[in-house]
């Protein structure tokens, strides 16, 4: 296949993935609609301490509706269909990424600019969700995840699109693979963790809702735990990306391992905020709600760093939003 | 930070004849120390650090881009003095930023040292005895069996041992005194401590680099050389404890500079494949070596590294003065102004007679005239052209102040005009010569060569920093993914020869999920009698333990 063909394939795969994500979302919405009168949560008799049944491995288990009120056939079908479509869309999404990489000459990893980074990041969100939905009991979050992925994908296609192009010289390094892939994985996972924290905050206010979507969201402790696990996974990955591979690469490309470049500063701020989140979970008076707010602050700094710094900051060497700068430019005072 | 430590831990008994004032001061100190080393303070300091880092990403920083900083300062004359006083142009070197991270460090060390002692004791201690009421633990399972308590506990010990628990077995004869206590996950706290200590290591490595290292930049045109001493740098940014005598005595010449211009596709006009061919000598009398210096591939000489970070054009300009004497010649670096490498440059000829000459203007790599306006088509030098204005008079180079070689001080200069008073410009292509008006001299554009901007830096302590971060990551992984847990199993015989077994679990991390662990332990315990007695009862305590 020619590079042109790969690029076309990638673009078509993105479009197809978008459509299938949308169908998946519709399917999940139908599932919601058909369940709207079915109580999703029956408060358990509160005992003195919250004991949990043996064998109830999944945190979501206590919130499953009792067997007597089994969800309707339609709800079950649309739920399964939604999942199937989500998996299909995720596969198409992967095809589009591979296509981007193959279309470049020489072939490279498909995260050389913002469009590709967003494409890869949203793929991580979708794939991470598919991988952890059982383990962390996140099945209920499917429509939200699909909506987020679909929105970000549209943003990428409409505003961030860039044709396939060779990399600028500074990016042409194997650290691009290691540094950026870890940043993408961390970004995707932090985003998913942030979603759990939002829902935690919402659910925490109305834990006894009996019908509607909120009733199918797990109880706050389970949400808190899911959020924590996602963050606990993403934080070391982010540390690796920002404080190990980033400085090593910066040292090779720009001569100094830490330049206080705005991108670096914000990556550090994100790191500090998430460190504070993990710290807060172990600090009396900060657990729960305050920790969740910190997680949201973390997501905000993370996305501001990605979008805000690339578009609004003029003095970052990470400015891959446009190619208005030469590959390398002289900087610093030139007085003799 | 170490100065405050011994005092804080001076828990020696107080002498009886102490005056009240001393006690108060000590108490105050101790109270302050406790506040500072509390988790909550550390948390607030962390957030404060994040907040304090923000201005540095918004306001141009002296240490990052001083050119941009001085431009910003020129544009904001009102704000500049205020910002300057607040240290906002060098946030990361400012006293208040340092105050935050130093407090954080002290807080961290103060938090860690007592915890190290606690951990050391915990490491050698036995798991704690079983609580009286296992039913009050977050996770509790109860079942009955025909097996003897000893048998159950022996199996419990085996099962828990296999799962990596440290055990303590009590075989008391009285009711409630035969149990197995088990604990695992000691490495979590070790990881936690390692992480915090590694942060200190990272900061020390970072400080070493900042204090003893230096970085400097120099523009080297092709065909010229560089010797590593402070006077040769265009800009040098040494650490405060940097010793210029310790600079490695290497030198190099730039033999050739290769570049690939992309001439099609979406990145048309972009350059890549930069390759600066150097010949270098590690020492005064070392043999010559060659190195292809590329982006992402620095040259290391001893502890110093040379990086390729920029490039541009250096038109070769020759100036003869009114007497016909050769007064200026050679490659003159011009600074790129845009992605197309339209470049700005200055020629200063202080020795020209009758009057010193100054030239200022632009270099176009690929010149094209569109509707009478000069346009630069691309970065590749396909139609190199210079277009400069000429001045004569006092160049102001004798004032004593250092003057930028890229700026022409026109305050005492007169712009040259044609005899009829119309605009005069030095518009030349390679090989062309122009006579300056008034018999001031001639300017010849001999050709174009290129320059590279090299950054040369020495960062001692870099590997300490890297090692520290790697240790921090290892500590982080241990502290996040090791789950410290305690499990207790108690077996008692009740009347009728039935054995009551209670299994309690406690998760000592915040991740919680000890249910699965306990259920697996119970499954291991009941591998032989599950069929006989049905599933265990969750949570419901036997009657005798209800109180």
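Keep in mind that glycine also has a Cβ here, set from the backbone N, Cα and C atoms.
TrEMBL lists transmembrane segment at one of the ranges A:203-224, A:291-312, namely A:291-312.
Pairs of Cβ atoms less than 8 Å apart link the transmembrane segment (A:230-250) most often to A:173-202, out of A:81-102, A:114-131, A:173-202, A:291-312.
With a cut-off of 8 Å between Cβ atoms, the residues of this chain six or more beyond the transmembrane segment (A:114-131) that come close are 14, 21, 86-87, 89-90, 93-94, 96-97, 100, 138, 141-142, 145-146, 148-149, 152-153, 155-157, 160-162, 180-181, 184-185, 187-189, 191-192, 230, 306, 310, 320-321. Segment contact is absent for the transmembrane segment (A:173-202) and the transmembrane segment (A:81-102), given fewer than three CB pairs below 8 angstroms at sequence separation of 6 or more.
Highlighted: of the candidate stretches A:12-30, A:81-102, A:265-284, A:291-312, A:12-30 has the greatest count of Cβ pairs under 8 Å to the transmembrane segment (A:138-161).
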